[in-house]
């Protein structure tokens, strides 16, 4: 009878001596579908014929079978038969196509399985250790980034504090310079009495001691600032903050604050002392002015009694005519001066326009350089993206090869994992390099914006100072011209009065009769003298105001010079920082040359960027040199103005002396008033002639006023044209700045896009890693399932061995089984 396959779990009953089993197996003792089938038939009609058995009554025996994977179909195979008269054994062996080799006892050994398990465990341990190492490295990188960020923030805070302290020191130094100037002024005033001199010496000693204390405090504060700068520079080079560094920084900060507080206290005391001295000096000056005024009033009263009325009337008429002629001359001079000033203004505006055009061209060149750098950054990012794509493709290829290698052999899995780790390391290095490049770009951009702002502020300050200097120069010229006119008028008066002196002697007898009306004229002349004195006082006040304005301009020029010195210091600091950063970058690039041999183009681009930055620094140095030259010119102009003011003082003193001489001559003329009465008739005729001349002069004045109006209109039109040109240049500069800002925004958007693309690439890389890990876990699960099936098949083989031993317990059956069975080489010895 033929063996039949069953889908359920087979069962074996207790077998006796005549029990027979049939077995179907594959390479690893598997049936094609389900459990092996064994049938035993018995008959009492036939006898034994050799080794064959024919049994009518059949019994189906089922055995327990391990779990088999689904997806395979059952099939019937041709079996082998051994017949005997009472029994028949039928075995269905597997087909030759499916069974490649014959099963042996060596195949049933578990050494290969144990070695495979050991290898799998080793691989699992290696994978776990590598994953742990990667996680540790990531955590360390995150910690280092956090520490660097904290250190950067700390350094930035310290820098801000240092800048504030430096600003305060600059203010205190400016105050010290003001105090020194005040002390020098105090030294120059030596017209005090002995008691006042002693008191002043004591006050000077106090002030000098306080100044020395303030300078000592300032020097100590400057030393503390330098120490803080040195510590911060060391921290920049070390890039790691320790507890000792933090303690030293806090100590130095406390010392600096203490010394600054002492410095402020000394400054306050100095200010109080100087205020007291100024108050005393003002009170003394007021007392002196009161005394001089009283003396002048007494002199005026004496002059009132001496002067006569007729002489004052004649002087009035003559002076009015002279004033009208002088007004005409002054108007002509003002018209010529206005034309000259308009020409100078045109030249100045043209020079300013040329300067602005040159600045616009420079800005255009800078914007072009920025565009080039942006394009270079784009090329770098594109190259990095291409490299990332190539690495992705390589990773995909490597993953496919890894899949094939895992199916074929397990040793290729190690190589693929190592290669994947190398790729992860390379990707991390490239991400770090991209982040560093972006950070350097942002730092350069911020520094460029700061330098542009500082440059604009300095240019505006220089323009304001130039305008003030021109205004002061114009005012000084007008003052000088007025003084010259006054002096010329006084000289002309002297000549005329000397000429009239001889005539007054003859007229003295005639004027005795008309003495009463002449007294009225004398009073009027006295009033005119008072007016002249008031005008002299006004001129003195104007000169004092101009002196104060010149001092203000000098102080402003000193402030601009201090600001330029600060700019020079900041540029030097930027140079030092740039050199340090360049050296650090060179060291980093030299250390990374072994790892970055595949990226020489990027290094060349970075070197080109460094060269461009150095060129920009050289340009900024040239600009600073130009600004220093401009400041030196301004200082020379201010000194020239001071010389002019001194000349004006001397002229004013000379005019005062001349006024004294005139007063003496007026006294002499008072004595000679008696001789002027005879010349009244002649003067009346002369007055009629002069009235006609005055009428003609008025006509000329009207014509000149018309000409002045036309000139004023031309001036207004020229000024409006200049303003329009300036507004046009401003609009052009604003449009260029807007275009530059739009380009910068475009570059920033491109950078953000590259950042998002890098984030997407990182996400895809993480997804690929997760998929790879999930596939590895699936393979592990499959290996475990195969191991479980191997164990179950081994148990099944042992069970079959035991069943064969029980079935073929008799000698003839066992011998016949051993001689004719194809599994005899696999059966255990009896």
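Backbone N, Cα and C define each Cβ position, glycine as well.
If you look up Swiss-Prot, you'll see 73, 74, 95, 106, 109, 115, 129, 139, 261, 632 marked as phosphoserine. The feature phosphothreonine is assigned by Swiss-Prot to 92, 110, 231, with similarity to another entry given as support. Under the heading SUMO2 cross-link, Swiss-Prot lists 138, citing similarity to another entry as support. Residues or ranges marked as coiled coil in Swiss-Prot: 144-217, 245-423, 461-798. Summarising the annotation, Swiss-Prot assigns region 'Interaction with BBOF1' to 537-701 and lists experimental evidence as the type of evidence.
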Query: When the pLDDT values for the region 'Interaction with BBOF1' (537-701) are averaged, what is the result?
result: 73
Task: Identify which of the modified residues 139, 231 has its Cβ surrounded by the largest number of other Cβ atoms within 10 Å, counting every protein chain shown.
output: 231
Query: Quick one: Cα separation, the residue listed as 'SUMO2 cross-link' versus residue 261 (phosphoserine), in Å?
result: 48
Task: In whole Å, note down how far the CA of residue 139 (phosphoserine) lies from the CA of residue 231 (phosphothreonine).
output: 30
Statement: Nearest by Cα to residue 261 (phosphoserine), of the modified residues 129, 139, 632, is 632
Task: In whole Å, note down how far the CA of residue 139 (phosphoserine) lies from the CA of residue 632 (phosphoserine).
output: 58
- request: Please report the number of other Cβ atoms within 10 Å of the Cβ of residue 261 (phosphoserine).
  value: 12
- prompt: What is the Cβ neighbour count of residue 138 (SUMO2 cross-link) at a 10 Å cut-off, with all protein chains included?
  reply: 12
- line: Spacing of the two Cα atoms, residue 129 (phosphoserine) and residue 139 (phosphoserine), in whole angstrom, works out to 15
- line: residue 632 (phosphoserine), Cβ-centred 10 Å count of other Cβ atoms over all protein chains shown, is 11
Message: With every protein chain in view, what's the tally of Cβ atoms within 10 Å of the Cβ of residue 129 (phosphoserine), excluding that atom itself?
response: 10
